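**Q** The following block contains the structure, expressed as structure tokens.
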Amino acid sequence: MKYASFIAAAAAALASAVSAAGVSGSAEGFAKGVTGGGSATPVYPSTTDELVSYLGDSEARVIILTKTFDFTNTEGTETSSGCAPWGTASGCQLAINKDNWCTNYEPNAPTVSSITYNKAGVLGITVNSNKSIVGQGSAGVIKGRGLRIVSGAKNVIIQNIAITDINPKYVWGGDAITLNEADLVWIDHVTTARIARQHIVLGTQADNRVTISNSLIDGRTDYSATCNGHHYWGVYLDGSNDMVTMMGNYFYYTSGRMPKVQGNTLLHAVNNYFHNIEGHAFEIGSGGYVLAEGNAFQNVDAPVESPISGQLFSAPDATTNEQCKSVFGRACQINAFGSSGSFSQADTAVISKFSGKNIATAHLAQNIPKWVMANAGQGKL
């Protein structure tokens, strides 16, 4: 009887541990309602092949990462020609001549006869629908390869992991997280660092409902397109019918595209911390509709690049911000600045685009730097 009781107690404890493993909290903003793998029994991959299999199959899954999955050498290397469009100094990125990019777009750039890079990084791991990818503590790392949520995949959660070291010297060597024709995606408490090109990119097809929250885009790098140790290729939102909430993120030590917004993208940027950006943060092209409130900018050369071809409501002052009440049910929050450039444009037509949609909460910008630095990124759930 004692043995039976022990077994029952052990089984109960195991069941409790399993049920506790998985996603923490819930998404705010446009990805509200995302469930990922839901209540599926967690799986714990132990090899890179097993991780790829779990991410790409058709089952609803909660995938717990407990270690570093290093893809750097899993597919060997490739050698090709390239170019140096941003300079030949040791701190400048080089570009792989992928799809004849150098030939077609940078014909006058110095040529590089031989570039050797890791093949695995160029194309991310396919993530199918109904997946939760969750790191355990600070242990869950995907190194040398990114993730791709594309071609109709939906209902995906990526939480508490790091994606690092994807051919950082070479543009076109790979992106950390790619979405293209996806829906209901929540990226939360994710750290990205030392990436070839985009840390997060939403391609030209529609990515309907996306929330990027509490994440760290770490731009510190030995190789940069601006040759200054600040990564240029940050977040690129270019979809044909995209709704993106960015909240509580830490954008650090970058020099551009933080984010670049165009195509037909509605962006709510709220309570983010932009810090030590030698260059520009926002870049708003045609079809980019941005409402930015309650953000903090510290040592940011240009919070937004000029000219603005899309529309921006920058929550410029208390009186103007009252106009948010008709849609948000509250006034918008003023942004905060320290040793930063100007950020003031009031395209109030942007406000009405949020009507009937899930809108994230907003807090005072003055409190954001301390809060974000304590909470954004992997290991800070």
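Cβ coordinates come from backbone N, Cα and C, glycine included.
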**Q** Disulfide-wise, see what Swiss-Prot says C92 is paired with, picking from C102, C227, C324.
**A** C227
**Q** Given the disulfide-bonded residues C83, C92, C227, which one is most crowded in terms of C-beta atoms within 10 angstroms?
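**A** Counting every other Cβ within 10 Å of each candidate, the maximum falls on C83.
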**Q** To the nearest Å, how far is the Cα of N130 (N-linked glycosylation site) from the Cα of R257 (active site)?
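**A** Cα of N130 (N-linked glycosylation site) to Cα of R257 (active site) measures 30 Å after rounding.
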**Q** At the level of the C-alpha atoms, what whole-angstrom distance separates C83 (disulfide bond) and C92 (disulfide bond)?
**A** 11
**Q** Rounded to the nearest angstrom, how far is the Cα of C227 (disulfide bond) from the Cα of R257 (active site)?
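**A** Checking the Cα atoms of R257 (active site) and C227 (disulfide bond) gives a distance of 15 Å.
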**Q** Quick check for the class: what is the C-alpha distance, in angstrom and rounded, between C102 (disulfide bond) and C227 (disulfide bond)?
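**A** A Cα-Cα distance of 18 Å.
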